[in-house]
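Here the structure is laid out as structure tokens; the discussion comes afterwards.
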Amino acid sequence: SVGFKAGVKDYKLTYYTPDYVTKDTDILAAFRVTPQPGVPPEEAGAAVAAESSTGTWTTVWTDGLTSLDRYKGRCYNIEPVAGEENQYICYVAYPLDLFEEGSVTNMFTSIVGNAFGFKALRALRLEDLRIPSAYVKTFQGPPHGIQVERDKLNKYGRPLLGCTIKPKLGLSAKNYGRAVYECLRGGLDFTKDDENVNSQPFMRWRDRFLFCAEAIFKSQAETGEIKGHYLNATAGTCEEMIKRAVFARELGVPIVMHDYLTGGFTANTSLAHYCRDNGLLLHIHRAMHAVIDRQKNHGMHFRVLAKALRMSGGDHIHAGTVVGKLEGERDITLGFVDLLRDDFIEKDRSRGIYFTQDWVSLPGVLPVASGGIHVWHMPALTEIFGDDSVLQFGGGTLGHPWGNAPGAVANRVALEACVQARNEGRDLAREGNEIIREASKWSPELAAACEVWKEIKFQFEAMDTL
């Protein structure tokens, strides 16, 4: 019987295609699927493929007006997750035609849209995406990338140093600018607006921008080094955000900042385009990421958010610290750090990388290590992240007993000591504490910092097994 047959049929009849050979132009997704009891994994995987592409809950007359074979998502492989009784990794291939060019927003609306509320699934998590070269090429990506940033700043062969200004809320613009100046004068490369500093009653954005610019230029003149402060342009509307970025450019400062998840991908991509056109670097904070990536079984892994940011655009992004965390997390963090920085990343399941990713020369993003780190962590951070990173010490600078500038000196001395030791062939993993102790002999600022944070231990043995 030719023609339209109404009724509800199993998704797996149309959307589960184990024989499908993936195309180079397909977007590939790895989902961690936890079906409701009694729902077979093939049906669950097919349901995800259907709901995130062309399907709906019943057959519809209009299906006959298009070629589903050309446009449907396909669940092409299912693997049980080791150690979990009812959980599977379902691989889905999406034809490229389903997505608008150059739009992370559209990509996510499809892939992580309705399917996540689907009743037949207990939970659903997107673990990784393979972005085909053909789609990557529709994105501008980071405004400048790692090499251009180094050339702009004239800083080579070491990680960059930053510091988030605290207390994050409540300082007046002038006192805020003073804190920025002290840190930069002491030897940091960057200071940072906290992610929640936008434009509040105690400090309006324009006043902050002016005082921070003054701090930047004064400290540059004194130190002979290029300095920057991440001026947070995040705002309630895209127009206001761009207005703030324009003012930053008029002041002649080198870098602005955006909260890309709360601000949204559309706003972020607009800002990234503005930054490239106007020579501004763009620092990205990931506020709200844990709402999306914290649950093991539901949501989206941060590596997907990191890939999306590289497509949308940003020159720096916060990426965790690794230090003192568990071993597995270290490998997985380094996995998405490589996805941010490198041009080509091989599939490696032990590091959470489900697909080989070729970025076809899209500029790289500097990972930012921030949160709870201090001078004793410096050898570990230098070893783990290497030169292409930004190490941010908020409390680890401002908590110095003698003040911000000595705190900055302590961090810079510790970093330079670690880089020199590494370049001389010493083993940072084994000799880290010794290297810091030696350096503190000729730097009273570092000695004072070592004293304050000496009680805070961290696990360093694990490094040897990497």
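Any Cβ shown, glycine's included, is placed from N, Cα and C.
Pulled from Swiss-Prot:
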- Lys166: active site, proton acceptor (ACT_SITE)
- His285: active site, proton acceptor (ACT_SITE)
- Asn114, Thr164, Lys168, Arg286, His318, Ser370: substrate binding site (BINDING)
- Lys192, Asp194, Glu195: Mg(2+) binding site (BINDING)
- Lys5: N6,N6,N6-trimethyllysine (MOD_RES)
- Lys192: N6-carboxylysine (MOD_RES)
- Lys325: site 'Transition state stabilizer' (SITE)
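This view paints the features noted in Swiss-Prot onto the structure.
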{"residue": "Lys5", "record": "N6,N6,N6-trimethyllysine", "contacts (Cβ under 8 Å, 6+ apart)": "Thr59"}
{"residue": "Asn114", "record": "substrate binding site", "contacts (Cβ under 8 Å, 6+ apart)": "Glu51, Ser52"}
{"residue": "Thr164", "record": "substrate binding site", "contacts (Cβ under 8 Å, 6+ apart)": "Thr191, Lys192, Asp193, Asp194, Ser370, Gln392, Gly394"}
{"residue": "Lys166", "record": "active site, proton acceptor", "contacts (Cβ under 8 Å, 6+ apart)": "Asp194, Gly394, Gly395, Leu398"}
{"residue": "Lys168", "record": "substrate binding site", "contacts (Cβ under 8 Å, 6+ apart)": "Asp194, Asn196, Val197"}
{"residue": "His285", "record": "active site, proton acceptor", "contacts (Cβ under 8 Å, 6+ apart)": "Glu195, Asn232, Met257, His258, Asp259, Tyr260, Ile317, His318"}
{"residue": "Arg286", "record": "substrate binding site", "contacts (Cβ under 8 Å, 6+ apart)": "Asp259, Tyr260, Leu261, Phe302, Leu305, Leu309, Ile317, His318"}
Other CB atoms, at most 10 A from the CB of Lys192 (Mg(2+) binding site): 29
Protein Cβ atoms within 10 Å of His318 (substrate binding site), excluding its own: 22
Number of other Cβ atoms within 10 Å of the Cβ of Asp194 (Mg(2+) binding site) across all protein chains: 18
Residues Asn114, Thr164, Lys168, Arg286, His318, Ser370 [recorded substrate binders]: greatest CA to CA distance in Å: 37
Three-state secondary structure, which DSSP defines for Lys166 (active site, proton acceptor): coil
Reduced DSSP assignment, Asp194 (Mg(2+) binding site): coil
Other C-beta atoms that fall within 10 angstroms of the C-beta of Glu195 (Mg(2+) binding site): 22
CB-centroid shell, 8 A cutoff, Mg(2+) site Lys192, Asp194, Glu195, site residues removed: Thr164, Ile165, Lys168, Asp193, Asn196, Val197, Tyr230, Asn232, Met257, His285
